[in-house]
Amino acid sequence: MVAIAPVITVDGPSGAGKGTLCQALAEVLGWQLLDSGAIYRVLALAAIHHQVDIQSEDALVPLAANLDVRFVPRKGKLSVMLEGEDVSNEIRTEAVGNTASQAAAFPRVREALLRRQRAFRVAPGLIADGRDMGTVVFSDAPVKIFLDASAEERARRRMLQLQEKGFSVNFECLLSEIQERDYRDRNRAVAPLAPAKDALILDSTSMSIEEVIDKALNYAKKILSIT
């Protein structure tokens, strides 16, 4: 019998620090990394590159099923590779975001991408970053982590990120946007944002990223008997 590669799922709301934690875990353990939040954007960009009709579910399904995408952590930064090309910046454009929203509306496209995400589960293991990784995509994962933080702290972090990039931002507006997104994510009909019953819940509100990584790594090593 072939052993199934282990998975560490990291779910949680936007701005809790999932991306940073997952990149650190992938680099330390030498495992594969899946950024599920970027998958639809990568599909949208592939559709644009290959001139696939974004309104056609029939045309998008095979593209989704065979999507050539990799996530490569490099010294604290994540490179998103589509067909061997780094598209980390390109997938963040408004045009790609709008196209991604249209693609996500098709049930068969979602199903194809679900199977594509599960295909990332290869040896020696996978770190899966998302919102329903531990509850839906990899519900049998041996290690599940739910990373949370207060809406105020997540808004503060986001404000600092944007200010570092030279943007002028309003804290109250950011906080309102985060609270609205939280409400949508936690109350949606399909796969609402919630910790898996067997997940370790980490509240990073008052923790440094080093503390979060240390706690998550020690927990994972204990469960997986990694020294």
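Every residue gets a Cβ built from N, Cα and C, even glycine.
Look at Swiss-Prot and you will find GLY12, PRO13, SER14, GLY15, ALA16, GLY17, LYS18, GLY19, THR20 tagged as ATP binding site, backed by sequence analysis.
Sequence features annotated in Swiss-Prot and their locations in the structure.
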residue : record           : Cβ within 10 Å
GLY12   : ATP binding site : 28
SER14   : ATP binding site : 16
ALA16   : ATP binding site : 24
LYS18   : ATP binding site : 25
THR20   : ATP binding site : 17
What are the other residues, in sequence order, whose C-beta lies within 8 angstroms of the center of the C-beta atoms of GLY12, PRO13, SER14, GLY15, ALA16, GLY17, LYS18, GLY19, THR20 at the ATP site?
LEU21, LEU147, ALA149, ARG154, SER204
May I ask you to report the DSSP-based helix, strand or coil state of ALA16 (ATP binding site)?
coil
